[in-house]
Amino acid sequence: MSSTLVLQPHNGRPYLGATPDPAAATRDAMAAAKSGALPLVEIFYSLQGEGLRTGQATVFVRFAGCNLACEFCDTDFRVQRLGTPEEIADEIASLAPDCRWVCFTGGEPTIQDLQALSDLLHARGYHLQMETNGTRPQPGWGIDHVTVSPKQPQGGRLDSWYEANAAEFKYVVDDDADLARALDGARGHGRMTFLQPNALNKDAVALCIEAVKAHPALFRLSLQTHKFLDIR
Ligand code: SF4
């Protein structure tokens with residue numbers, strides 16, 4: 001099964017390429033984790049395409065499963081294989097011997113226990129980024145760069161730890177209601193905040209640009225550069 005993320009609206013939503021049955025995929029991921037290994041979708045080497053670290057070479061470790069099932073999700077987070085922390089760390093080193101950044105993504109990485117993997121990667125000199133929906137209590141893995149993409153409309157309540165500690169917030173914006181939530185959020189937590197037009201939709205891009213111009217102290221624009229560059 002390919003895990004390439006291609007945005008193709010299907011009757012508007014959901015997107016092709018998304019997990020067919022998110023609840024079942026997450027149950028499978030949690031069951032697989034009981035083996036002691038971590039349930040993985042993929043590990044790949046690319047450039048970070050979004051947010052503050054845009055353009056920086058990064059090894060992405062995509063974990064299976066998510067505690068939410070957003071209608072706009074474009075990620076297939078079904079388990080593809082398992083890996084121990086040692087196996088994952090060795091694969092990262094083999095894929096990109098000189099790269100020092102690793103990004104945990106998903107799905108939702110905080111539903112797994114990544115303490116041992118985080119410790120091992122830190123011991124090997126890596127910096128760790130994690131992309132999370134911010135709904136679960138902060139796991140205390142010493143992540144160096146936490147990126148939160150809040151999903152309140154999709155039922156995700158933001159854990160307050162992130163409001164004080166996240167390196168950046170990234171709000172996916174489709175319409176005025178999304179923008180209003182981003183405005184509320186940014187005014188509340190005061191952290192670095194990106195507006196990211198959903199699926200590079202032209203109207204959403206225009207809405208985000210106007211919002212960044214109207215609120216220059218609050219917002220920056222984040223484009224999914226990897227998608228229009230057609231890289232991973
Ligand atoms: S939180 Fe992220 S990975 Fe999970 S369903 Fe929503 S968009 Fe997909």
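For all residues, glycine too, the Cβ spot is worked out from N, Cα and C.
Just so you know, TrEMBL annotations never went through curation; they're auto-generated.
On a predicted model such as this, the values are computed, not experimentally measured, just so you know.
What TrEMBL says about this one:
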BINDING   Leu47, Gln48, Gly49, Arg62, Thr105  substrate binding site
BINDING   Cys66, Cys70, Cys73  [4Fe-4S] cluster binding site
BINDING   Phe72, Cys73, Asp74, Gly107, Ser149, Pro150, Lys151  S-adenosyl-L-methionine binding site
BINDING   Thr75  Mg(2+) binding site
Cβ neighbours of Arg62 (substrate binding site) where a neighbour is any other Cβ within 10 Å: 22
Annotated binding-site residues Leu47, Gln48, Thr105, filtered by Cβ under 6 Å to ligand 1: none
Spatially closest candidate among Asp74, Thr75, Gly107, the listed binding-site residues, to Arg62 (substrate binding site) (Cα to Cα): Gly107
Binding-site residues near Lys151 (S-adenosyl-L-methionine binding site) (Cα-Cα within 10 Å), from Gly49, Cys66, Cys70, Thr75: Cys70
DSSP-derived class (H/G/I helix, E/B strand, else coil) of Arg62 (substrate binding site): strand
Residues close to substrate site centre defined by Leu47, Gln48, Gly49, Arg62, Thr105, Cβ within 8 Å: Ser46, Glu50, Thr58, Phe60, Cys103, Glu131, His226, Arg232
For Gly107 (S-adenosyl-L-methionine binding site), the one of Leu47, Cys66, Cys73, Thr75 that lies nearest, given that the binding-site residues are compared by Cα: Cys66
Same chain, 6+ residues apart, C-beta under 8 Å of the C-beta of Cys70 ([4Fe-4S] cluster binding site), given in sequence order: Lys151, Gln154
For S-adenosyl-L-methionine, whose listed binding residues are Phe72, Cys73, Asp74, Gly107, Ser149, Pro150, Lys151, the greatest C-alpha pairwise distance in Å: 16
Lowest local Cβ density among Gly49, Gly107, Pro150, which the record lists as binding-site residues, within 10 Å: Gly49
Rounded to the nearest Å - Cα separation of Pro150 (S-adenosyl-L-methionine binding site) and Thr105 (substrate binding site): 14
Which of Leu47, Cys66, Cys73, all binding-site residues, has a Cβ with the fewest other Cβ atoms inside 10 Å: Leu47
